[in-house]
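J.: Positions annotated as domain 'Major facilitator superfamily (MFS) profile' by TrEMBL: 125-569. Taken from TrEMBL, the feature transmembrane segment covers 68-91, 184-203, 210-231, 237-258, 270-291, 297-316, 379-397, 409-430, 437-456, 485-507, 519-539, 545-562.
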Amino acid sequence: MAKKKSFKIEFTSHPHPRNLHQQDGAESPRCCSLDMLLQRLRAIDAQDDKLANIMDVVGEFGTFQRRLVALSFIPNFLSSFFMFADIFMFAPQKPYCNTSWILAVDRNLSEAEQMNLTLPRAPNGSFLTCLMYVPVDWDLDSIIQFDLNNTDSCQNGWIYPESKRRSLINEFDLVCGNETSNEIAYTVFLAGLLTGAVIFGFITDKLGRYPTILLSLLELAIFGFGTAFVSSFNQYIFFRFCVSQAVMGYAIGSSALLTEWLMGMHRAHAFILGHCFFSMGVVFLTGLAYSLPHWRLMFLVGGTPVFPLICYIWILPESPRWLIMKGKLEEAKQMLCYAAAVNKKTIPLSLLDKLQLPGKKVASASILDFYSNRYLRKLTLVMCTIWFAIGCNYYTLGFKIKELGVDIYLSQVIPGMMEVPARLCCIFLLEQFKRKGTLIMTLFQGAIMCFLSLMLPSGLPRLPQREGGRRLRWLHCLATELKSLVILITLLGEFNLAASITMFYIYTSELLPTIIRATGLGLVSLIWAAGGIFSVTLIHQNIDILPIILCSLSASVALFYCSNLPEKQDQPLPDTLEHITPQSRETDMQTVFTNGL
């Protein structure tokens, strides 16, 4: 008893370990006393500190937490595979009308002779893709002597003589009027991200992190692996719609779960490593697309690792924070005791007895709180502004890479490999500049690179003298000569924006309270996808100034509002709406007090 009593006294008389690094520089006694007062008020007011005390006993990063982080690697790896598979499904093809009817006249005709006799040519001498000569009942000599003149659209499908791979284009003949199918598939996939963000964000907060992750993995297994067996293009885009929902659902559920089980820098490191595996999945996808000749085989091989994830039913834990918020106190205690047992720790009963249900009913919290709560409304608007800017700039740079004429495989492998060190750099930046400083730095550098990349229209053909005139001829010449420099600038932009995405995912998860954390993640992810759709729409307008204005304006507004976000490094996680509003007042008090000094 004496040992337990001394432990309690020692525990309450020292600041929390996560607050030891706050403002430890040379400060006035008055400022230090204010900080101590605010910390004591927060400890009295915030229910989550009691859970944090237990998490300290369980272990900040023991075997249980390491296993939890490792469980997120494989789904992250596969999510990128399914998310970017469309890139290799629409490889450019050179089809021609199927004119095998002439083989009934002479079976000994070569392929070149068959095309010369039955296909019309364009003024530049190339064969037309969508036209053929109307079949006739003449003999071969008559056809050669009089030629064929009457043309018609392709009646018996197309042939792809130069194609070495089986893609969606030559599988479903997506040519001659169906070329927009690539854009349709991309738009439907982004629509899946939008709906998945809303639906799974709501489900995660209502049903829990554990069932949401299982549901998204089940959907990914059914529709991701099942894409290899579709029989029409409409089925393909429907399956891709469901896959995008599953990818977004897992991202939201796993982010909430890792945020609520891990503490401090361990939480940030887990997010960073998970996103690194996401980037490595892009490299894996590119390797499969390059080595496998058939698109169905690629989905079969890439989707097979999803099925072993069924074991997550038995080994994936639920969030104790969410259980407490939903009134499931006993289940939360059992989960904490299980985690402590895995880490070979023992939680004192005195600490477990301090866990209590929140005084206010939290079941009433919903998406409407993002409007009714004044502070949460402002915080959400700021986060949405930043997410929109990141989405616009990131997707714009992705399309810029395609315009530069870089090989489709290199355009995926190089950024995927560069994003790994980009995200790992966040570990060092977080130690030096914390959350807010790292986010501002990476977003600013990414926006500058995006602006420079758009201002140099590299990859465009040199204008003829009679057409170019004074129309930025020198700029076109410079872009043509310095194409490699523009590619480097674009890659550096993706490098910084990839770090911004990882950084802001950590930031957003820590800013939102547990009761609506997943709903908020879904909301801001929706805005991120909307930014991507908006940028893609402007790019297809073929007006160069529009993407420049969009990316520059959105980044400027985001950087301006980013400075208003509170710093969350080494701060306790908020659990309810009441926990975030007092914290904002404390920040305002500190700012006023410091300025007054």
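Just so it is clear, glycine is given a Cβ too, placed from its N, Cα and C backbone atoms.
A TrEMBL annotation is a machine prediction, not a hand-curated record.
Note that this is a predicted model, so its numbers are computed, not measured.
Any idea what these are sitting next to in the structure?
T.: Only residues 6 or more beyond the boundaries of the transmembrane segment (210-231), in the same chain, are considered here, and those with a CB under 8 A from a CB of the stretch are 75, 78-79, 82, 85, 200, 203-204, 239-240, 242-243, 245-247, 249-250, 252-254, 257, 296-297, 299-300, 303-304, 306-307, 309-310, 312-313, 316-319, 518.
Tertiary neighbourhood of the transmembrane segment (237-258): same-chain residues 68-69, 72, 75-76, 79, 82-83, 86, 184-185, 188-193, 195-197, 199-201, 203-204, 209-210, 212-213, 215-217, 219-220, 222-224, 226-227, 230, 267, 270-271, 274, 317, 319, 322, 505, 509, 517-518, 521-522, 525, selected by CB-CB distance under 8 Å and a gap of 6+ residues from either end.
Proximity of distant same-chain residues to the transmembrane segment (270-291), defined by a Cβ-Cβ separation under 8 Å and at least 6 residues beyond the stretch ends, is recorded for 69, 72-74, 76-81, 84-85, 87-88, 254-255, 258, 262, 298, 301-302, 409, 412-413, 415-417, 419-420, 423-424, 426-427, 498, 501-502, 505-506, 509.
Long-range neighbours of the transmembrane segment (297-316) within the same chain, counting only residues 6 or more positions beyond its ends whose Cβ lies under 8 Å from a Cβ of the stretch, are 67, 71, 74-75, 78, 81-82, 85, 88, 210, 213-214, 217, 220-221, 224-225, 227-228, 284-285, 288-289.
Long-range Cβ contacts of the transmembrane segment (409-430) within its own chain (Cβ-Cβ under 8 Å, at least 6 residues beyond either end) map to 84, 87, 265, 268-269, 272, 275-276, 279-280, 282-283, 285-286, 289-290, 401-402, 437-438, 441-442, 491, 494-496, 498-499, 502-503, 569.
Long-range contacts of the transmembrane segment (545-562) within its own chain (CB-CB distance under 8 A, at least 6 residues past either end) are made by residues 382, 385-386, 388-390, 392-393, 396, 436, 439-440, 443-444, 446-447, 450-451, 454-455, 531, 534-535, 538-539.
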